[in-house]
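What Swiss-Prot records for Lys22, Asn23 is phosphoenolpyruvate binding site, and it gives sequence analysis as the kind of evidence. Marked as UDP-N-acetyl-alpha-D-glucosamine binding site by Swiss-Prot on the basis of sequence analysis: Arg93, Arg122, Pro123, Ile124, Asp125, Gln126, Asp306, Val328. The annotation active site, proton donor is assigned in Swiss-Prot to Cys117 on the grounds of sequence analysis. Here Swiss-Prot flags Cys117 as 2-(S-cysteinyl)pyruvic acid O-phosphothioketal.
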Amino acid sequence: MEKIIVRGGQKLNGTVKVEGAKNAVLPVIAASLLASEEKSVICDVPTLSDVYTINEVLRHLGADVHFENNEVTVNASYALQTEAPFEYVRKMRASVLVMGPLLARTGHARVALPGGCAIGSRPIDQHLKGFEAMGAEIKVGNGFIEAEVKGRLQGAKIYLDFPSVGATENLIMAAALAEGTTTLENVAKEPEIVDLANYINGMGGKIRGAGTGTIKIEGVEKLHGVKHHIIPDRIEAGTFMVAAAITEGNVLVKGAVPEHLTSLIAKMEEMGVTIKDEGEGLRVIGPKELKPIDIKTMPHPGFPTDMQSQMMALLLRASGTSMITETVFENRFMHAEEFRRMNGDIKIEGRSVIINGPVQLQGAEVAATDLRAGAALILAGLVAEGHTRVTELKHLDRGYVDFHQKLAALGADIERVNDESASEQENKEVVSDLNA
């Protein structure tokens, strides 16, 4: 089993480049199934396990997919299979995003009920409600969701009960080839939604209003391949911004888009962090003393739930009492217990956590409970006394490329090792930590 070992106490300095956005590239690759003519070339694709998984799904469905040099080439002009089995979908719940394109392109989709990360129930009822409104017949049973329509999907007016990102993406893709106009209301406004709409419009689609609460899609008869550049990953950018702040560092986060990070920038500045827009990215300078704040996660443009655990690590360094309220997902405080193992003063009260700081974090062996928690525990390790050993790295690898190497390049004392190949010196250091 692999683990990351962090020896705390180093200030981070330098420049780090942000990868293409994981949460943008997965729906864009899925949307490539809509193109019945020509191949698509998707650029700035991060080399993440989730990307390899969605590529496997498309190959299984009959598309020709190549991935090299951060470019994914997809040719989906062939006859497509319409079933995505559990062996693929269990690895990543975003696999359900092939449902909209398959239904629009072929009139049929059979997709295993999704797996993926363990953050609450994350139901897909909003996806199915939308498909039904467009004329599809839905059956759920034996571990599968099956959707079928005779002829083309029909344009419809659809109101989402919650601005679900996945439902918004799936319904945009389904509506792109539907007959007539589809109006989606109370939709997600994330930058990744805008990126998907731009991609489909480049393929010949007619989508207006992405990034607002209402999106109108005028269906077309066919779409073609196109070359597209993925937007930078705002969550990776935010994670490195927190890394700079927590270590009293000075880091240029190259590729960070200020307009995608408005709420995070506001909250970090409220804590006393200096953030400067330098055109090519954001420079983040951490203060000697951080101020306590309250955060409530909300759908975009509110504070992103995917930055909640990283900010919890930062708030442990703030002088006073802070509160984080999680409104997007239930059961997303599992990392709080891991922070407690590192001497964090955290109390969970329903959907909120109370954080008392500042505390001197202590190195410990901790487990990543989900993707963002893994990054947050490493951030805590950057300022912990002694050694922090983070396990369950499979979660981290779903969302970050070379995370430990990028931190090391900024000055962190960090390495990734196999338990079996851990050096004798590292084992001695671990014993020293435990005896301290």
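From the backbone N, Cα and C atoms, a Cβ is placed for every residue, glycine too.
It should be emphasised that the depicted structure is a prediction, and the values quoted were computed from it without experimental measurement.
Reduced to three states, the DSSP call for Asp125 (UDP-N-acetyl-alpha-D-glucosamine binding site) is helix.
The secondary structure of Val328 (UDP-N-acetyl-alpha-D-glucosamine binding site), as reduced to three states from DSSP, is coil rather than helix or strand.
For Pro123 (UDP-N-acetyl-alpha-D-glucosamine binding site), the Cβ neighbour count at a 10 Å cut-off comes to 11, with all displayed protein chains included. When the alpha carbons of Lys22 (phosphoenolpyruvate binding site) and Asp306 (UDP-N-acetyl-alpha-D-glucosamine binding site) are compared, the span between them is 12 angstrom. The number of other Cβ atoms within 10 Å of the Cβ belonging to Lys22 (phosphoenolpyruvate binding site), over all protein chains shown, comes to 25.
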